[in-house]
Amino acid sequence: MSKIRVYELAKELEISSKELIALLKDEFGIEVKNHMSVVEEEDAALIKELLGDSEGNKDAVKEDSMDTEGKVTKSIVDEYEEILEEEVVNLAKKKKKTRRELAQEQLEAEEAALANMKVEIGEFITVKEFADKLGKPVAEVIKALIFTGIMAGINQEIDFETAEKAAKRLEIDIVKSKDDASGISDEKEEDLLDVNLEKRPPIVTVMGHVDHGKTSLLDAIRKAKVTESEAGGITQHIGAYTITINGEKITFLDTPGHEAFTAMRARGAQVTDIVILVVAADDGIMPQTAEAINHCKAANVPMIVAINKIDVEGANIDKVKQELTEYGLVAEEWGGDTICVPVSAKQRMGIDDLLEMVLLTAEVEELKADSNRRAAGTVIESELDKGRGPVATLLVQKGTLNVGDSILVGSTYGRIRAMFDDKGKKIKSAGPSIPVEILGLSEVPQAGDKFHEVKDEKTARGMAEARKIKEKSLQQSTMRVSLEDLYSQVKEGKIKELPIIIKADVQGSIEALKGTLEKLSTDEIKVRVIHGGVGAVTETDISLAAASNAVVIGFNVRPDNNAQVLAEKEKVYVKTYRVIYHAVDDIKAAMIGMLAPEIKEVVQGRVEIRQTYKVSAIGTIAGCYVLNGKITRNSEIRLLRDGVIIHEGKLASLKRFKDDAKEVLAGFECGLSIEKFNEIKEGDIIEAYVMESIVRKEL
Ligand SMILES: Nc1nc2c(ncn2[C@@H]2O[C@H](COP(=O)(O)OP(=O)(O)OP(=O)(O)O)[C@@H](O)[C@H]2O)c(=O)[nH]1
């Protein structure tokens, strides 16, 4: 077996023999005596590979080009060879396997270490700090950022996602650090901060149909628990309050109704632990009760039913329980698991029982939080006060919030200057489930925004600014589920369920659609109707859809104006049909990725009918006002009464004063008549639209 001498190898590797001898010993476990010792060719090749010289051009090394240490006479060389060769070879043979293995292991370990060597960074970092962490020149990092579409200066803060994209270009892996100096990380990492979980008070929202007694019940609860000394002088100060019963606290959110609840949820904030559903015993389940039930179910929040107004003549508790069963809520006393408590908000009857049930439910839910960590929670309400500046009611959900703390709230920030409790009393700190009013924010945040305590105001400001930039780009890119991309989303495993909200002109259609649609469920995707209701598609439906990532299907009804605006803002997919099987076909096709090319309807505007005249020769002529957009002579139109489609067709005439008009814009009056249709009434709305043919993208 041919061998190579240490000095020859050292020469090839462009290091000194001394260095090589040390390297052989330390890194490869090969012990050689001096520069004249021999190294087996195989080992030498491996060493060369590891040290970067794969050529292994040992022939180029000549004896007379030895390094300084190699200036020895031939006879000494021979002598050494004679004495040592056998020894070294024996040693090499003995160690050969181990050495090779060792080298191989070393190589593998290094590769693994390289693969795992990820740079940790927090949620936000300045470009300079980022470059330092990556060990790259700032200019190179800025260049990488530009390639990812971000123009950033050296001191500008970038968020983790942006950093990740830039790092990818630089072929460096980064991970979000667990110990983020800013104090904010994603929800999962947030949970890591919860070390010492203790019981916390439940947060309760009251929902129900109009006039069933939500406000009265909240009043009754508040008054029942106000101590004698407080009575009279205390008016509630903020949109949430905490009461104490049997030494235990309960926090009530004082914005009754599911609109606020769902609007918050659409913003990603779920603060309510338990919902009290108020149903008047003399009225039973009404449309908004049903809506509330569906909203709670969609949010997976436990409900307690308060059967109210039991003092009223005609109150029928059993009838309410019976009606509840139609919504899958079976009273406990009937063998189900829905707690029903008969109460009278007016007579203050049953209030204590109700509160006890709330505590019991809270117990079962095991509501916990760590009060010894930095604070986090949600904005309940906010306003700009002339004298005090931005004022916000915050619900602390984790940790303890103190006066002087710096917080990041949505895309605004501040340092808490003053803090008040629900009775307007100045306080210094607040723990989990406690609502407080705070001063000191730079701007008014939005209800539903989350807040986080951060290490200082400077960090808070930097992060708020970075969030604003991010929000802008997000606004352009957020897309909720739509039928067009349903199939690809299912295939990519992004969704496993298609929640649907159905609005129709009659209850029968809802039932029919619900049954048929839910039967379309496959192993890959479950179709689930989360809410159905009679009437136009409203803002509440859109909020629920946004909160649940649902699509809205209208049957013979249309979205009202506000709903249309909100749907556009929230990017909720709304589609209306006039034939049930068209809706079913569409969903079926979307699920298997076979949506046919369609003619898409583009709404042009809405016109309000203000007056009608009957002209015997022509029929009904309507005096109108264009509310928004425009109407054109050739528009397709549909006539809506209370959101329900009464007629679809074309215009017979469109006039401005006496003259025929091609189009009339928002803010102008016009006269019109409808082809073969005379039943126009004051207050009706005409929706003008055109059909545009769009080629659906291949799914
Ligand atoms: N007899 C009787 N009347 C009640 C009771 N609870 C509420 N009411 C009355 O019912 C009416 C409606 O009560 P509210 O508390 O305003 O109902 P609400 O659900 O808050 O109504 P909105 O805020 O309009 O949605 C009021 O006239 C109350 O006085 C009750 O237990 N018994």
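Just so you know, glycine gets a Cβ as well, placed from its N, Cα and C.
As recorded in TrEMBL:
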| type | residues | note |
| --- | --- | --- |
| BINDING | 208-215, 254-258, 308-311 | GTP binding site |
| COILED | 77-120 | coiled coil |
| DOMAIN | 199-368 | domain 'Tr-type G' |
| REGION | 202-350 | region 'G-domain' |
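Screening the binding-site residues Asp211, Thr255, His258, Ile310 for a C-beta under 6 A from any atom of ligand 1 leaves Asp211.
Across the region 'G-domain' (202-350), DSSP classifies residues as 45 helix, 39 strand, 65 coil.
Per-residue pLDDT, averaged along the domain 'Tr-type G' (199-368), amounts to 87 for this model.
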